[in-house]
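Structure first, commentary second.
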Amino acid sequence: MKYSIEQVMRLVDHSGLKPYLTEKDIARLIEEAKDMGNYAVCIEPIYGKFAKEYLDEKRYKVKLDVTIDFPFGSLATSSRKKIIEDSDYADEVDIVVPMGYVKSHRWDYVDQDLTDVVKIAKDHDLVIKIITEDGYLTQDEKDRLYRSVIRAKPDFIKTSTGFANKDYCASLGNAAGATPDNVSLMSRIAEELGSDIGIKAAGGIHTYREIESIIDAAKRPIDPEKLRIGMSGTGKVFEEMKKIKK
C-alpha cells in the first residue's frame with residue numbers, strides 16, 4: 001500500500017447522514033471514529049448538540065462536523081447564514097452550493113452567497129467546506145463553479161454530498177459521487193488561482209484503491225488540514241486495509 005492505515009484513517013470524516021439515524025447511532029458513529037483514528041464525524045445538525053456533549057463528556061479529540069442546507073442547497077442565503085450561526089458549537093460545517101442559482105447561471109448570486117457564508121463561518125471560528133455536487137454540473141459549470149468556490153476562500157472545496165440523483169447525473173454523463181478527474185480539476189484550478197485550498201472527496205468511496213487514486217489526484221499533503229475523505233463505510237475500508245497490510 002502506498003499509504004498506511006493511520007494516514008488514510010486520519011483523513012476521514014466518518015459520516016452518518018441518513019435521516020433515520022438515532023442518538024444511539026450517532027454515539028456509535030463517534031465511538032467508531034475514535035477507534036479508527038478518524039479526524040471528524042460528519043452529521044446532520046439535528047444531532048449536533050448531542051454529539052458535542054457526548055464528545056466533551058468522553059473527552060475525545062474527534063472533531064465535530066455538521067452539514068448545512070444538505071443535501072439540496074436550496075435555502076435562501078439568509079437562512080443558510082442563520083444555520084451557520086446556530087452551529088457555533090461545532091468545529092466544522094459542510095454546506096452545499098446554492099444549486100438553483102448555479103444551474104440558472106446566476107453567478108452573481110452564487111458568488112455573493114458563497115462570500116457571505118464563508119464570512120459567517122469565519123466569524124464563528126468554523127472550518128467551512130463548500131460542496132459543489134459536481135455530478136450535477138456540466139464541464140463548463142464545473143470550471144466556473146470551482147473558481148467561484150476557491151475565490152470565496154473557504155477552507156475546503158468538496159466534491160459531493162453522496163445523495164445526488166443518479167439519473168440526473170447520468171443524463172449529464174457524470175458519476176454521482178467523487179471522481180479522481182474532478183478532484184484533479186479542483187487541484188489544477190486552485191493552482192492556477194494561487195490557492196492551496198483543502199480538498200474533500202466524498203460520495204461513492206468504498207475501497208482503499210479509490211481513496212489512493214483520489215489522494216494522488218488531489219496533490220495535497222497527507223494532512224487533514226488540506227485533504228479529507230468523507231465516507232460512511234469507513235469500517236469496511238479499515239478492515240480491507242488491515243487485510244492488505246497482512
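Note: Cβ is positioned from N, Cα and C throughout, glycine not excepted.
Since the structure is predicted, the reported quantities are computational estimates derived from the model, not experimental observations.
Feature list (source: Swiss-Prot):
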- D94: active site, proton donor/acceptor (ACT_SITE)
- K158: active site, schiff-base intermediate with acetaldehyde (ACT_SITE)
- K200: active site, proton donor/acceptor (ACT_SITE)
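Between the CA atoms of D94 (active site, proton donor/acceptor) and the residue listed as 'active site, schiff-base intermediate with acetaldehyde' there is a gap of 8 Å. In this structure, the CA atom of K200 (active site, proton donor/acceptor) is 5 Å away from the CA atom of the residue listed as 'active site, schiff-base intermediate with acetaldehyde'.
Using a 10 Å Cβ-Cβ cutoff, D94 (active site, proton donor/acceptor) registers 28 neighbours.
Taken residue by residue with DSSP, D94 (active site, proton donor/acceptor) is part of a strand.
For the residue listed as 'active site, schiff-base intermediate with acetaldehyde', the number of other Cβ atoms no farther than 10 Å from its own Cβ, over all displayed protein chains, is 29. Using a 10 Å radius centred on the Cβ of K200 (active site, proton donor/acceptor) and all shown protein chains, the other Cβ atoms total 29.
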